[in-house]
């Protein structure tokens, strides 16, 4: 084989190998940052396609906070509450300050790790507001103009 061809072949193989490694690392990083969304019913019973999350899996869960289920630890910021949709209830454990819009009977989305079949240890809780929500500043301005 001609030395020039040998050099070209080595360069092409190195480029293909480098591109493959780059794509592989990108797919691995995307997989690590992917959080699948579940409702409480899907978390307990599985999704319609039969997939069910495993213990230790990162996920997001969304539903309504069960009225009377919020329990606060007096010694720390830990809060436990239950979330439901139309089926079973799932317990969410969160250590931190809850959003201002967090209320019983209100919709939330919690992002965290599945601890057991019906418990999620959340590191982020987002409170949903209803479609009629209006920031206080806007409501005040509308009162003045109308």
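Every residue, even glycine, has its Cβ placed from backbone N, Cα and C.
Note that the structure is a prediction, hence the values are computed from the model and not measured.
Annotated heme binding site per Swiss-Prot: 129, 133, in sequence order. Per Swiss-Prot, the feature topological domain 'Cytoplasmic' maps to 1-8; the stated evidence is sequence analysis. Swiss-Prot lists 30-146 with the feature topological domain 'Periplasmic'. What Swiss-Prot records for 9-29 is transmembrane segment.
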For residue 129 (heme binding site), the same-chain residues 6+ apart in sequence with C-beta under 8 angstroms from its C-beta are 101, 106
DSSP assigns the residues of the topological domain 'Periplasmic' (30-146) as 19 helix, 46 strand, 52 coil
Averaging the pLDDT values of the topological domain 'Cytoplasmic' (1-8) gives 85
In DSSP terms, the topological domain 'Cytoplasmic' (1-8) comprises 6 helix, 0 strand, 2 coil
